[in-house]
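As given in TrEMBL:
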{"type": "REGION", "residues": "1-34", "note": "region 'Disordered'"}
{"type": "COMPBIAS", "residues": "1-10", "note": "compositional bias 'Basic residues'"}
{"type": "TRANSMEM", "residues": "41-66", "note": "transmembrane segment"}
{"type": "TRANSMEM", "residues": "179-197", "note": "transmembrane segment"}
{"type": "TRANSMEM", "residues": "217-235", "note": "transmembrane segment"}
{"type": "TRANSMEM", "residues": "242-260", "note": "transmembrane segment"}
{"type": "TRANSMEM", "residues": "266-284", "note": "transmembrane segment"}
{"type": "TRANSMEM", "residues": "296-324", "note": "transmembrane segment"}
{"type": "TRANSMEM", "residues": "344-362", "note": "transmembrane segment"}
{"type": "TRANSMEM", "residues": "416-437", "note": "transmembrane segment"}
{"type": "TRANSMEM", "residues": "475-493", "note": "transmembrane segment"}
Amino acid sequence: MTTIRQRRVGKGTEAAEDQPSEETNVKPDGKIPSGHTGGKLWNILSITVGGIVAISLGLLTSVYVATLHENDLWFSNIKEVEREISFRTECGLYYSYYKQMIQAASIQQGLHGLVYDNKTESVRTINILERMNVYQEVFLSILYRILPIQQYLEPVYFYIYTLFGLQAVYVIALYVTSWLLSGTWLSGVLAACWYITNRVDTTRVEFTIPLRENWALPFFAVQIAAITYLLRAHLQPAQERLTLLVVFIATFLFSLTWQFNQFMMLIQALALFILDCLDMLPTAKVTWLYIIQISGLLLVCVLQFFNSMILGSLLISFNTSVLIARTIQKNLKKGGLLNRLGKLILHALLVLCMTLLINKCIKKILNLESDEHIFKFLKAKFGFGATRDFDANLYLCEEAFGLLPLNTFSRLSATLLFYIYLFVLLLLAVAAVIVAFRNLRHFNITLFISLLSGSNQVQLMEKMEECTITLKPDAAYSLVHTVLFGCLALSTMRMKYLWTSHMCVFASFGLCSTEVWKLLLKCVHLYTSQRAQVIKYSVPIITLVYISYKFWPGIMDELSELREFYDPDTVELMNWIKSNTPSTAVFAGSMQLLAGVKLCTGRTLTNHPHYEDKNLRERTKQIYQIYARRSAEAVHGILSSFGTDYVILEDSICYERRHRRGCRLRDLLDVANGHIMDGVGENEPDLKPSLYPRFCEEIKKNLPSYTTHFTRVFQNKTFHVYKLAKHK
């Protein structure tokens, strides 16, 4: 079991394309003050300073997480095998393909080994590039081979420094998004500071480096920044085309680097759909975004050798349905309130039905079952009937897939982030409801004003300017985005990183936005332009001072704390495997451990943690019978069918106490096999006692019925390795 020990030291309008220009009289935020030449110089100076601050904060974040990683593990001092073991579970599996490409005789041979891989799953040849999102490892390994850096930088450092460098891109993208929304780079500074001080809840890159989300989320943040800029009014055609290109590239890279991209972009597409229906975004731009999502995903599909899971994604079905439904219902945004509400309800139902129909047809044609475990999990999670499905329960019992813990909000509140986020969310949600209702009423105020006399027109226009609540398209998108991803995070803890990072952006934007303070001050009849400007800058600065005063000492203490990697049992196991087993040997065991076996020893596996394949899921359930109540003959037969030479048993699984009863791996297997569970507690009435004892316990007694099939060849405090007898 891996442990860490102390180191021994030796704004504002509706979403119409013709909305009025933004204010042009602000100071350190990149907007042009009055005075033409002076205004341009001030604008250039402000953008330059803001850009330098953005890059500086991004680089500081990168250095910060890299230092934490070094301090936690003493990475520079530990052995290569210990470095590799530190890439736990699926992280180790992904990194193994980078290592494989580096060690290949040539790039062509390395690629051939990935396309025709027979070591990841025994007795099967699979295409790693089709099955998994590892193009980033391929690209990085090729880059390492062709650059003249081998003498100065080890492959592992080139890999981890790239990931830490992407954190700089991530923070800069969050900074720019907040700057674009608020109009001042002070907002970006606040967003970046919140991201850093809430690191526990905004990223986990320092201890899960190769995880797919650590590659993907920086590109997702860049995409959101580009969408925020795209939704501005009065963009020149060249600016719009360039922004669309950036959105496409970021969407493509996000899709290429994470297998769950389709579900994240489905939520994004749903946000666009809601805002388009409420006439809060320009329809033409929304259409482009739908097309970009589809085209980016299809390009990834081609690169992944026409991966059927991508073709059967709900995102492609949903976006296609929206585009078709829009052509059918051409007058969706015309008519009175009730008329429009009826049309929108019909439109939503049409899109829903078409999405389900298209998706079902695609899956039927392709015989697609790769993602069925996700829908089984969601069905069980949200209470649509109990399930004994092993795969669904495996997810349900993991803390990462449970509800977001309440202590998360305590940590976020300590930096004032959560309080300010709720304040901005409430204010903009009320504004959004008012704007949406006004859009649905479709009242032609311009025609009404034109019927009045000249003096009355001026008075009415001034009165309306004072009273009308508005919401810019980019702010509207950010609002719905944070609400939807907040719902996702609340339901599934692992997805909180998509929400908390945007929470930093949303809260900082609200605190530094003229429109937000203008709206609030008007509500209490205290609005003046000067007062709004003073509050816009003073409140964020006070917040930054508070955060610095309270958290700077803690960050310094954290950076000074030195620990080291310590997992002697796993190191001993890996060294034994490398020294005492043939290079062609096949190993069975838990998914998490086997990923490390492949990385550290290069041996062939029976199963692994990349779970998006039905055959692999069925295989894993069979392999896991080593922790169930099965006979020695039955377990030997199962393992032999997968070509197993050695099986590794872990005491931490066999005698597991981490999960409650009913969620231990042995309990999930017992229930799936129809057997009653261990320990005191209730069992479902149709479960029966097993005829056999638990295999992982009984095999250690060296009874003849077990030694006939298995011979123990290695043992330490954590692991037991048995060699399978080869029967004719």
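FYI, residue positions are counted from 1 along the chain as it appears here.
In case you wondered, yes, glycine gets a Cβ from its N, Cα and C as well.
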Top partner of the transmembrane segment (179-197) among 41-66, 217-235, 344-362, 416-437 - counted as Cβ pairs under 8 Å: 41-66
Top Cβ-contact partner of the transmembrane segment (242-260) among 217-235, 266-284, 475-493 (pairs under 8 Å): 217-235
Cβ-Cβ under 8 Å with the transmembrane segment (344-362): same-chain residues at least 6 beyond its ends: 273, 277, 311-312, 314, 316-318, 320-322, 324-325, 328-329, 332, 368
Touch test for the transmembrane segment (416-437) and the transmembrane segment (217-235), at least 3 Cβ pairs under 8 Å: no
Selection from 217-235, 296-324, 475-493, the stretch that has most Cβ pairs under 8 A to the transmembrane segment (266-284): 475-493
Intrachain neighbours beyond the transmembrane segment (217-235), with Cβ under 8 angstroms and 6 or more residues off its ends: 13, 15-21, 166-167, 169-170, 173-174, 176-177, 180-181, 243-244, 246-247, 250-251, 253-254, 257, 264, 281-282, 285, 289, 472-474, 477-478, 481, 497-498, 501-502
For the transmembrane segment (296-324), distant same-chain residues with Cβ under 8 A (at least six beyond the ends): 127, 129-131, 133, 135, 248, 251-252, 254-256, 259, 261-263, 265-266, 269-270, 273, 287, 290, 350-352, 354-356, 358-359, 362-363, 366, 368, 370-371, 612
